[in-house]
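Participant: The structure's right below; bear with me while I get my questions together.
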Amino acid sequence: MSETPKNNENSKQKQLEQFRVNDANKKLTTNQGLKVSEDGLSLTAGKRGPTLMEDFHFREKVTHFDHERIPERVVHARGTAAHGEFEVYESMKPYTKAKFLQDPNVRTPVFVRFSTVVGSRGSADTVRDVRGFATKFYTEEGNYDLVANNMPVFFIQDGIKFPDIVHAIKPEPHNEIPQASGAHDTFWDFVANNQESAHQVMWLMSDRAIPRSFRMMQGFGIHAFRFVNDQGKAHFVKFHWIPKLGVHSLVWDEAEKIAGKNPDFNRQDLFDAIEMGDFPEYELGVQIIEEKDEFAFDFDILDPTKIWPEEDVPLKIIGKLTLNKNVDNFFAETEQVAFHPGHIVPGIDFTNDPLLQGRLFSYTDTQLIRLGGPNFHEIPINKPVCPFHNNQRDGYHRQTINKGKVSYNNNSMAAHTPAPTTEEEGGFVHYQEKVEGSVVQARSESFNDHFSQPKLFWNSMSPSEKQHIIDAFSFEVGRVKDKSVRQQVVDMFANVDLAMAAEIANNLGETPPTAEESTVTKASPALSQENTNKTPVGRKIGVILHNGFHDAEVKDILQRLNLAGVAYEIISDKQGVVTGKSKDDLMVDHTFSTTDPVLYDAIYIAGGKDVNEKFYKNANYFIMEAFKHYKAIGATHDGIAWLEVNQMIESPGVVEGNGKSFVEKFLQDIAKHRHWDRNVV
Ligand code: HDE
């Protein structure tokens, strides 16, 4: 086991390097190292005879193959991950003694896994779902895992209900339908009969559930945790990740189509960005509440179905995460990484949030079956970069060779070692919160208000965001067959907003609800994606070209777009090259059939000479789809004709012209992300 590097910069990469193997240009051997002379023919009795038992190479190869799969995660099965680094901007010493939050010069290695929750490992990326955002910090005091989601609240308040919500939302057990979707009876039956779910359901029906990119998604630790400083003083804390590129979403029609056109859409986007050196960045924000203010709010700060509105508890930005390296092997790293909210370091501690308490049990337990035993911490991706020593021994796949005969405490034969460390020397000491109470199965009444914050969320939405929520409810509950469940859902959400529920009821053909109007008028502007950072950086556009295009001008435009951080792909009717009017070429990345408008943030059409009818129609489809999905559309030269025919000129987010001013206006329109003020029927 390696000793702690003094500066842990890249320490994880150095450690992983010992395990990386490149098989290229090597001789083929068995797992025992025996060089193999034949790999395509098994050993048989005669050229047309049966295979012989004796063929150990055949048996080893096929047996290993037969055992290649491990159980997928029971939730968050579909995911993708990357390596990176975290830096703190200023010392957090006043609040926490966690070493990785003290020194702005320290870069802590991290591994981040993004995921959907409900679908199985091979399901599509762009389904309506919560996204996981799990970060493992390899600190010099041990691994710290911030196992977060892209929504700041959860469906339930108590860990004991987790199997229920998951059973309800997973495919129904009699026919395993539908895949990766909450649009079915059992999920909505659960919702209507567990009203604490109202807040997260509002988020799930919002655009947050269909992120444009993992690079454009927030992360939330959800629970109240504790920061503890070196004086033993504690503060309540909530963790937020804020993407530098802003928080952006797809539109539902687009998300559904992408699920077919490129089910790997989000995973590909992250991988490609990192490969191109466009490293995704997220700032870490904390909301801090003093212990004396534990009861100062009109909600219980321990309730995981509640946010701490940023207007009441400001967000303090304390550091930055940069993802800068893709994995070398998906299974070894992404599939085998094991997160656990209970992996903490001195200076960070738990609270009595009953959901968090439930999680503290579940995560190790699930690794035991998924990774096949208690030694999963020895798998390279899970191994801390600091030394670890204890008296735990044996078990499946044990790799450490513990020397000596002592594996117990207390002992004299090894001079009482490995020995515990005092708090002063960095030993973890649980926060000594005073706890009193009778042993009960009951919840504090302070957890009972299930509708004020969903209403706060609703009040904070822009008109288009509100419409999307109504559309999403109408779609999801519209798939429910049980009439009673549909009505129960409508009645439940009338407690959030009466007019919203009435519109949903109308779309569903259910009876309009009759609840009392909510009295909550407060809004939290931080919740609306309209108020997020808007930039063209990180966007990808489709460029439609035909032979005879204005090469010099178009190339100049593409270069300017590229300089502004926009990636592009050239689309035409044939693979190979398109040749401009001055005989300058551009390589075609895609034909109309190998790509689709839903895969781009904007479309730029420069056209060309003498397009045939098929080209014309295909290009038209790209423009019409982009228009329908409220995306920026740019046209220059021969491309402008398409805008004229479709009467798009002067529509919001549609820009035509030439040269520098075209680029500037087009970039602004790309940055806006979507043009909701466009008239789309
Ligand atoms: Fe998880 N969750 N969870 N969860 N969770 C798992 O652990 C669980 C919850 C989250 O990329 C499992 O290793 C319970 C909240 C993420 O590998 C499992 C409860 C939040 C990931 C588990 C919750 C999360 C998981 C499945 C209620 C956001 C993916 C595989 C008490 C703050 C991590 C695994 C990865 C994974 C249990 C609630 C986030 C079964 C019992 C709240 C991001 O242990």
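In case you wondered, yes, glycine gets a Cβ from its N, Cα and C as well.
For reference, TrEMBL lists these features for the protein:
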ACT_SITE  His76  active site
ACT_SITE  Asn149  active site
BINDING   Arg73, Arg113, Phe162, Arg359, Tyr363, Arg370  heme binding site
COMPBIAS  516-534  compositional bias 'Polar residues'
REGION    509-534  region 'Disordered'
Participant: For the region 'Disordered' (509-534), what does DSSP give as the number of helix, strand and coil residues?
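Facilitator: With helix first, then strand, then coil, the region 'Disordered' (509-534) has 6 helix, 0 strand, 20 coil.
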Participant: Determine, to the nearest whole angstrom, how far the Cα atom of Asn149 (active site) is from the Cα atom of His76 (active site).
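Facilitator: Asn149 (active site) and His76 (active site) have their Cα atoms 10 Å apart.
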Participant: For the binding-site residues Arg73, Arg113, Arg359, Arg370, work out the Cβ neighbour count at 10 Å and name the residue with the minimum.
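Facilitator: Comparing Cβ neighbour counts within 10 Å for the binding-site residues Arg73, Arg113, Arg359, Arg370 gives Arg370.
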Participant: With an 8 Å cut-off on Cβ-Cβ distance and a minimum sequence separation of at least 6, pull the same-chain contacts of Tyr363 (heme binding site), or say none.
Facilitator: Val147, Ala338, Phe339, His340, Pro341, Gly342
Participant: Is it possible to get the count of other C-beta atoms within 10 angstroms of the C-beta of Asn149 (active site)?
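Facilitator: The answer is 23.
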Participant: Need one number for the heme-binding residues Arg73, Arg113, Phe162, Arg359, Tyr363, Arg370: the maximum pairwise CA distance in Å, whole number please.
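Facilitator: Between the outermost Cα atoms of Arg73, Arg113, Phe162, Arg359, Tyr363, Arg370, the distance is 21 Å.
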Participant: In whole Å, how far is His76 (active site) from Arg370 (heme binding site) when you measure between their Cα atoms?
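Facilitator: That separation, Cα to Cα, works out to 13 Å.
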Participant: Note down the number of other Cβ atoms within 10 Å of the Cβ of Phe162 (heme binding site), including every protein chain shown.
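Facilitator: Summing over all protein chains shown, Phe162 (heme binding site) has 18 other Cβ atoms within 10 Å.
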Participant: How long is the line from the C-alpha of His76 (active site) to the C-alpha of Arg359 (heme binding site), rounded to the nearest angstrom?
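Facilitator: About 14 Å separates the two Cα atoms.
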Participant: Can you count the other CB atoms that lie within 10 A of the CB of His76 (active site)?
Facilitator: 22
